[in-house]
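Novice: Feature annotation from TrEMBL assigns substrate binding site to I124, N148. According to TrEMBL, the NAD(+) binding site annotation covers S149, 203-204, 258-262, T284, D310, 334-337, S382. Look at TrEMBL and you will find 77-362 tagged as domain 'D-isomer specific 2-hydroxyacid dehydrogenase catalytic'. TrEMBL lists 158-336 with the feature domain 'D-isomer specific 2-hydroxyacid dehydrogenase NAD-binding'. Among the features that TrEMBL reports, site 'Important for catalytic activity' is placed at R286, H334.
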Amino acid sequence: MSKVLCVLYPDPVTGYPPHYVRDSIPTITVYANGQSTPTPKGPLGFRPGELIGCVSGELGLRSYLEGLGHEFIVTSDKDGPDSTFEKHLSDAEIIISQPFWPAYLTQERIARAKKLKLALTAGIGSDHVDLEAAARADITVAEVTGSNSVSVAEHVVMVALSLVRNYLPSHDVSVAGGWLIADCVSRSYDIEGMHFGTIGAGRIGLAVLRRLKPFGLHLHYTQRHRLSPEIEQELSLTFHPDAESLVSAVDFVNLQIPLYPSTEGMFNDRMFAKMKRGAYLINTARAKLVDRDAVVRAVESGHIAGYAGDVWFPQPAPPEHPWRTMPFNGMTPHISGTSLSAQARYAAGTLEILQSYFERTPIREEYLIVHGGALAGTGAKSYGLT
Ligand code: NAD
């Protein structure tokens, strides 16, 4: 019998929803790159469209795990020495966590997790796990690659438009009973004809570029592996050899690379100084790619026109985090990858990975981040240990 420790975000303050605004969600069977959506065997322990990313939703895993005789602990109490997470850490064989409410698996925690074999990210982005320490301890780290890529890409398009059109401040004027047209439009532009650049054009970054193409933007990218000439031609992409070259050429910078030691703090005062005055920065990748206070300085000085995204450090962000109140921010809590549509896919993918683990069959290559003591699969393509 194995102990499976699962950390999920708390239920809604109004209680677990008895019903939903929509009756169903579309069925997606294949992603844009041809990869199939998760294919677990047997019944799902939930109805697609239900809220399963919170504690009461349990990712729909209880009947599967208890049916095999495993112990399944679900909690949102993840931080501090007296947390439920710490209490179960030492004898958990599998830890499941979502990036939205991450159970940070630091080197110290990994040292205490003597039985841990699988750190499973229900979602995408496994930087909450110290990957080097996991590799040394021969822990497999896996995530549900592809499951919420479009969810995040849609969020990026939404915030790009809302920043450039000054949507959120204008909405506030409307809510407050005002009609201050000049105040609203004095920062409002059309996006058409602007230059948009993404740092990282993997599953999400490329989906963002594809969605923005019909808006008449000039599209730029930089990333570790250059895209095929066919894709570059299809989207009329300008490739930049590095981030510095891209940021000085564009009106929007979109961050879409993973966080690992050498990408941490990539956006510091030096990088902001290279951006065009009045450019916008969007970050739905990871907060620590940017220097927290350098963002505040760049927005408050007017050098950049706005900052939006949904990723913070730590998570949950403290009430006094400066990004909550700095001007011209379009921040939300970490929600873009956990729409009800995304939850259905990553919960199914979590079940698929668990089935592979318990049946001792290989976990899909694209789901692997660390395996056999080294980066593997998507981890080897997209992450670094230094
Ligand atoms: P992906 O692996 O498909 O693409 C990442 C790309 O970044 C790869 O193509 C890789 O070559 C490139 N890259 C890595 N390091 C680089 C560097 N230093 N310079 C240039 N390019 C580099 O990943 P994805 O699915 O597109 O996700 C990207 C990131 O977005 C994830 O790692 C995660 O941190 C974040 N994410 C956030 C949410 C959310 O809810 N906000 C959801 C999913 C993913």
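Quick reminder: no glycine exception, Cβ is built from N, Cα and C everywhere.
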Novice: Please check each of the recorded positions S149, P261, R286 and report the ones with a CB atom less than 6 Å from an atom of ligand 1, ordered along the sequence.
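Specialist: Cβ under 6 Å from ligand 1: S149, R286.
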Novice: Name the secondary structure element type, per DSSP in three states, that contains I204 (NAD(+) binding site).
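Specialist: Note: I204 (NAD(+) binding site) is helical by DSSP.
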Novice: Could you say which of the binding-site residues S149, S382 has its Cβ with the most other Cβ atoms inside 10 Å?
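Specialist: Ranked by Cβ atoms within 10 Å, first place goes to S149.
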Novice: Measuring CB to CB from S336 (NAD(+) binding site), give everything in the same chain under 8 Å that is also at least six residues away in sequence.
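Specialist: N148, S151, V152, E154, H155, V156, T284, D310 - these are the non-local Cβ neighbours of S336 (NAD(+) binding site), listed in sequence order.
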Novice: Enumerate same-chain residues with a sequence separation of six or more from P261 (NAD(+) binding site) and a Cβ-Cβ distance below 8 A; give 'none' if the list is empty.
Specialist: G384, L385, T386
Novice: Could you state the CA-to-CA distance between I124 (substrate binding site) and S382 (NAD(+) binding site) to the nearest Å?
Specialist: 12
Novice: Tell me the Cα distance separating R286 (site 'Important for catalytic activity') from H334 (NAD(+) binding site), rounded to the nearest angstrom.
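Specialist: That separation, Cα to Cα, works out to 10 Å.
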Novice: Relative to the Cβ position of R286 (site 'Important for catalytic activity'), how many further Cβ atoms are located within 10 Å?
Specialist: 23
Novice: Calculate the distance in Å between the alpha carbons (Cα) of R286 (site 'Important for catalytic activity') and L259 (NAD(+) binding site), and round it to a whole number.
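Specialist: Answer for this pair: 6 Å between alpha carbons.
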Novice: For the binding-site residues N148, T284, which Cβ has the most other Cβ atoms within 10 Å, all shown protein chains included?
Specialist: N148
Novice: Any same-chain residues 6+ apart from I204 (NAD(+) binding site) with CB under 8 Å of its CB? Would you list them in sequence order, or say none?
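Specialist: Listed in sequence order: S149, V152, A153, V156, Q256, T284.
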